[in-house]
Structures are given as C-alpha cells and as structure tokens.
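Copied over from TrEMBL, here are the features:
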DOMAIN    31-144  domain 'Plastocyanin-like'
DOMAIN    157-294  domain 'Plastocyanin-like'
DOMAIN    374-511  domain 'Plastocyanin-like'
SIGNAL    1-20  signal peptide
Amino acid sequence: LHLAVVLLCATAGLFAIAGAEDPYRFFDWNVTFGDIYPLGVRQTGILINGQFPGPDIHSVTNDNLIINVHNSLNEPFLISWSGIQQRRNSYEDGVYGTTCPIPPGKNFTYILQVKDQIGSFFYFPSLAFHKAAGGFGGIRILSRPRIPVPFPDPAGDYTVLIGDWYKSNHTNLKARLDRGKKLPFPDGILINGRGPGGASFNVEQGKTYRLRISNVGLQNSLNFRIQNHRLTLVEVEGTHTLQTTYSSIDLHLGQSCSVLFKADQPAKDYYIAVSTRFTSRVLTSTAILRYSNSASPVSGPPPGGPTIQIDWSLNQARSIRTNLTASGPRPNPQGSYHYGLINTTRTIRLANSAGQVNGKQRYAVNSVSFVPADTPLKLADYFKIGGVFRVGSISDNPYGGKIYLDTSVMQADYRAFIEIVFQNNENIVQSWHLDGYSFFVVGMDGGQWTTASRREYNLRDAVSRCTTQVYPKSWTAIYVALDNVGMWNLRSEFWARQYLGQQFYLRVYTTSTSLRDEYPIPKNALLCGRASGRHTRPL
C-alpha cells in the first residue's frame, strides 16, 4: 500500500502537482466509530486512528501532504480541509460538490499541497452531520526556515479546538434536521474533545507560548480567555496580524487564530474559560493552565467574559488588521499587495434567510436553498454531464422572494477582482466561509449596506482570512481576487443552516486548459453518480 502511494506521488509529480524540491509528508488514517464520553454520557464519536479529536497535521509552506483515508464507517465519508486553498485543484477539496464520498470499507488518498500558505487551520468531516460526532483536528503550516516570522519562537505551540456540543448522537441530530425541525440549544462546550476541567496545558514560568485556537463547533460564537493572562493576537487564518493584546478573544464559527501569552503569573493553576456569545443562556467550559512548579489548584469561579455585547465584538473585529511589514509565506512583506488600489469589476450581494419549504425548515442565500445533486458538481463540469447543475441558478443580488430549492451555482471569471457583501437581516450572528481563497475583510457595520458604505472601508491593512462573521441586522464586505480556478463552496458555518441549504458553489471559470491555470482531474479520483464508469485520465 505504501509503495502504491509512493508511486502515485511520483506520477503526480510528473503532472506538475508539486515541484520536486517540495517535501512530502505521509499520513495513514483509519476512520472508525467509537464510544466517547466528552460530557459524561456515552455517545458515538468519529475517531481517526483511535483519537478524538483527530491527530494534528504539522507541515511547512509548500509541503505535499499525502493523506490515505480508510473509511471503516458503515456510511460514506469525506474530509474537508478548512482554509487549505487547494491551488488549481478543487477536486481535492473534500466537499460533496467537488469530491465523491469514500464508500464504506474503501480508502481514498488525498494529494494536497499547502502552496504559499502559513498559519492555523483545521480539517473536519463534511458529509451528513458527521461534524457533530468528531473527525476534526488541527492543521498548522509553519514558515520555511529562511522566512522571517514576526515574533520569537515560542516555548510551546498548542492546538486548541473549541466548539459547542450535543449529547445526542449525530444520527439523531441529522434525523431531526431531515424531518424539517430545528436543533435545540447545545448541551455544552468541548475543549480539545473534553468537557469542563478535562483538558490541561503545561507551561513553565517566564516562558511564552502559542495557542492555535479554532472554533470547530456547530452553532455558537465563542469567547476564549485565560485567567489573569493577556492574549496577544499574532495570526489569523494564514495572515500575520498587528500584535494587539486582548483580555479575551471572540472566535466565530469556523474561525481560527493564533495568540501568544506569557506565563508571567505566580506559579499555580489557572482557568482557561470558553463561553458562548450572543445567547440568552450562556454555556461555559474550562480547561486548566498548569505551571510546572504549581503550588495550588484552580480556585473560585472561572473568569467572566463578554456575553451578549455586540459592540465589544465588532470593535475587536475591526482592530484585527494585517501586519504590513511582516513576511507571509514568502519573504516579501504582506503589505506589498495593495488590494485597496485595485478596481473591483463586480459586486455580489448575498442575503441569508430562514423559512419553510413544503412544511420543513430550510435556509437560503438570495432565496435559493441549496440541494445537493446526484453527482459532484466539479465532476459534472469536467465530464460535461448536462442536467446536474445550471450556471446562474443563484442571482448576484437578493430579491426578497420566497425560498425555493435548487442546486445553486454562481459563475465568476478567473482573475476578476470582486466585492462580496454579506447582508444579514436576521437577529443572530452569521459566519461565512469560502473554500479555495483568502479574502480581505474591508468593512462591517450595522444596518443595510449601500454604496455609501464603501466610504468606511479599510483599503490599507484589512485582515486577509477565509471565514468572516456578520453581526445581527448588519453587513460585512470582502474583496476577493479570483486567482484560483475551480468549483468552490461558499457556506454558512452554522452547521444546521449549511446542511439545510445556506450554501452555494462559486464556479471560477476560464476557457484555458493550461496546467498553469488548473490541474487535471486526479488519476485516483473516485467517480460516482452520473460520472460512474467514466475514466479520469490514463496512467
């Protein structure tokens, strides 16, 4: 099996999937169901090599990641790689619009390259409602040795996966959604797969540590804080940020960031606290920060944090800005790309909504509630299979009509520079993620977006990231350089809303067939639906 993978990689190299100078890292993962007890009751979890959460992926800019996934579940399975851009290669994205599910008892080898990327991300299971059972883990991409990083090497570097959680099995949650019902409020919050007091992090007094925090939850924005310690933000989803210090930090659904903190307090144990934001009932969970020479355990209540205050969160979000003089994945400064001087060629306005279709709960974008086709859209596109999707099945602007069902695909031109405005007329926070890209978050504010809103855009040092929040009754605007050909999922990270239709696919298209613009279909691509029985390409 390993020989086959090596041969596969060698062949992939011939087709310019990766340069010969870039290292390969091999992973062999077995995905199983298993009993877990994160909130004190037994439930069925998704384990990777027996681990919940799954193993971290450690990599360096431009590494090739060869990940052989064995599906030992009794149902189809896929993993997607949140924030990994899959340059020119949306076939490997691991969502149903691009990749056929791995059948039960079979395996599939993902061939990824973390091309021109650094930073903190995560992977997760994208099908059904598997994300409510686990199967997620951290991804870190380190800078290459000769590329300067704008802070000294920390004494330790920890992954911290936080997220709300249900005691119900994922199958029960999925069945409830399939019946057209909403999900109840979650039962608790997990920190690295453990309930209150279950996770711990060891530090030595006087040293500085890095935490890579991701909100891998299903429904709620979360606030993260450490008792008596300050957090210095240094990176957000692959961008080195201005090093602003906070007492606590909000992470909305699907978001990741890195903070530094110094273990500069008296030697004892301290609470790490995580709590829900913008909820009438506040869930809180804790982990333990343990000094190596600790003289006493944690005591008293965990530190409090912001709860329903939106202005606090909005002001913090606006303060997260790009460090223009720091290097990113390449040695040149991040500020050398002057996005604010580029004219946009198109404005797309997207409004989320909730409603009933045929008596069942659905969610929509510009009135279209997405329903999966019988064949991955990218494969239908490649093999020119008609009737699977229709380009233009979602409009550029909301028109306020009733929600209806369709396999919504929006076309955009390769190399266009576009503006997307997310308009949230609902009274909950939205979180949006775009696969295949990072985008500049140029503005956010309350009320309705108008062309006059552009006057308050940050056109100098807006943060570049792949997941952004939209506050209640508010808007968020982003700029995107469409430099990555493919079929890319734009979705809500509120997982029940995503499952019930708040997503669509952005088809970034060119007539070119050059390998410089898009890689050919992988030779090992699984074929399903109306693509079954076709051939990828000759070995």
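Every residue, even glycine, has its Cβ placed from backbone N, Cα and C.
Residue counts for the domain 'Plastocyanin-like' (31-144) by DSSP state, with H, G and I taken as helix and E and B as strand, are 7 helix, 52 strand, 55 coil. With helix defined as DSSP H, G or I and strand as E or B, the domain 'Plastocyanin-like' (157-294) counts 9 helix, 69 strand, 60 coil.
Restricting the average to the domain 'Plastocyanin-like' (31-144) gives a pLDDT of 98. Across the domain 'Plastocyanin-like' (374-511), DSSP assigns 17 helix, 61 strand, 60 coil.
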